[in-house]
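Copied over from Swiss-Prot, here are the features:
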- His124, Tyr128: heme binding site (BINDING)
- 1-8: topological domain 'Cytoplasmic' (TOPO_DOM)
- 30-153: topological domain 'Periplasmic' (TOPO_DOM)
- 9-29: transmembrane segment (TRANSMEM)
Amino acid sequence: MTTRRGRRALLIAGGVGLLALAAALVLNALRSNLVFFFSPTQVHAHEAPSSGSFRVGGLVRAGSVERAADGLTLRFVVTDTVREVPVAYTGLLPALFREGKGVVVAGTMGADGVFRATEVLAKHNENYMPPQAADALRQAGALPSATLQTEAR
């Protein structure tokens, strides 16, 4: 009876240990895949991580888009109307990418102060902007239009 009870306790303890290990691995994987959002003002205030990926959102400043000769490399400026972040991106842009329109870029900040984007997301209709970008523009006191819509949170 004691050996049977001992084996059962050992089996339960092993199962709990394996569950704890699996949970720790899943949480670690999720934490390493998190990408936080920051406005250009927050980036300049050093609230964004100095290393690692994050997102910057705002408006593409009018007149800031410069294309390289290869047709894929692009430089532009993301602004929240208070501060600006220069961005470099190599790749195909979304069809809705335009100067003066909302954009969210994901990537890392270079030592030279240029944000190296690995992904560019443009707003998908005339009155839409990602909620984080809209909040950042509201805090800056400038919204692109009075009819701005955001996703339900």
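Cβ atoms here come from the backbone N, Cα and C positions, even for glycine.
Counted with DSSP, the topological domain 'Cytoplasmic' (1-8) comes out as 7 helix, 0 strand, 1 coil. In the predicted model, residues of the topological domain 'Periplasmic' (30-153) average a pLDDT of 82.
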